[in-house]
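For 258-285, the entry in TrEMBL reads coiled coil. Residues annotated as transmembrane segment in TrEMBL: 6-28, 40-60, 95-119, 139-159, 186-210, 302-321, 363-393, 405-425, 484-508.
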Amino acid sequence: AAAASDLLTGWCLFGLALLAILIFCWIYVRKYQSRRESEVISTVTAIFALAVALISSALLPVDIFLVSYMKNQNGTFKDWADANVSRQIEDTVLYGYYTLYSIILFCVFLWIPFVYFYYEEKEEDGGSTCLQVKTALKYTLGFITICAVLLLIGAFVPLDIPNKKNSTEWEKVKLLFQEFGSSHGLTALSFSISSLTVIGMLAAITYTAYGMSALPLNLIKGTTSAAYERLENTEDIEEVEQRLLRIKSKCRDGRPLSSRDRRTVQQLEERLRTLRRRERHLESIEKSWWTKFCEAIRPLKIVWGVFFIIVALLFTVSLFLSNLDKALHSAGFNSGFIILGTNLTNPLNMLLPVLQTVFPLDYILITTIVMYFIFTSMAGIRNMGIWFFWIRLYKIRRGKTRPQALLFLCMILLLIVLHTSYMIYSLAPQYVMYGSQKYLEQVRCNTLKKQPNFSIENVLFTVTLKPVPHSCIVTRTYVFLHKFWFFSATYYFGNWAFIGVFLIGLIISCCKGKKSVIEGELDEDDSDTSDDELPVYYH
């Protein structure tokens, strides 16, 4: 009865968390999408993809909680957690991973590309809906082909091939199908997800590492005063108007302007239109209640900024020590830099076992870490925009983000969330594998000091990365993460790149001055009608 009550409570909390995630996704997408270019299908797709990303991030703490919840503090299984129930719980978590990861594959390789190309075709040609759908399906077919190739490689390429000289080609083919059948498609899905995780690693290196430095320092430094910016903007307007008058005075006697002066006049008029739009934005922001509210909570922002920079430094130091431990004590590249045991303890790996003694502090911390990575990723994408190598594709701006940019944003977040699980494993490998499990082991103890009399006693051990009894249950997250050693090796080098980009971003963020109060709200290529797209709280 107690177990049923706990499970019911858990499902209720899960339902509330799911509702909160959907509400947050709706608010976030509506906050950034363009008011003039918003489309129902792209909005629904973006909300759904973002919700899937956040729900997927919640799998890790749930997985760790379930493997820990089946055991008592004395290392024995609870009365209700017999072998069948334990297997059912493991299968339930595994099916949860199957479902969410399959949805991620569907979003990344089919739904998001189709909606993206559909609106790209709509903007370029403006033709019939049928033609747009055909063109979008034609481009999406390439993504579907890539997904199929990844699934086939993961399904039919065995990790360990027996070296039998007398085996025929037909026997080798039979071995491939036997391995596929025995894994129930787990290897195929794991390979596909791991391939996407590598892309997510690149996105995390680009956006999350920079966001971890930019977000806290922007909170600490704040923005410039709207009144001060209005004063500077007024001076710029007067200067541009005077230059225009000087140039136009050359043609008062009827002489035409030179081609160089005409180009200068055109540039100055465009500059003047931008400054006047800027003036209207600054005036609205200066009088808004939102600006006054932000000024009132300025001390709280500084506190949050200091807290976030401390957390970022804690993560970076922990990641550095974990990677250094792998570099010094692992079996090397061919093993994926996997180590058994912790030789260099990092701060986070020390903190989590301490928090395990007070339920549920460790789960709160691990959930906070996951959400911290997601929000810093959002901050990094918002500050940098969406790039393809050196080409800037889209900007993320409040109330002015195009539907295609929102789709890109949600796809990048999906990929980053996949990599988050491995990032946390790098920070706390023991905890991610076994949670707070303990186990009993019989050892021989010397009962007398002088005579060699031994007795068998049960001694309680905390699970470590070293070989443990079969009674200890490994999280399903670990099963997915370490199917292929070469992906683990790639993540190892990616962690070093992540640390390097974070340090570079930290230096750049420290050297940059305060952000403009309307940064991201106004751009040179905005039209005059863009003034109507100011966020509601600025009116």
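Glycine too: its Cβ is placed from the backbone N, Cα and C atoms.
Automatic prediction, not curation, is the source of TrEMBL annotations.
Since the structure is predicted, the reported quantities are computational estimates derived from the model, not experimental observations.
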Query raised in the report: Taking the transmembrane segment (186-210) as reference, which of 95-119, 302-321, 363-393, 405-425 has the most Cβ pairs under 8 angstroms?
Result: 405-425
**Report entry** Stretch among 302-321, 363-393, 484-508 sharing the most Cβ pairs under 8 Å with the transmembrane segment (40-60)
**Finding:** 363-393
Query - the transmembrane segment (302-321) in contact with the transmembrane segment (363-393), cutoff 8 A, at least 3 CB pairs, sep 6+ - result: yes
Query - For the coiled coil (258-285), the mean pLDDT of the predicted model - result: 83
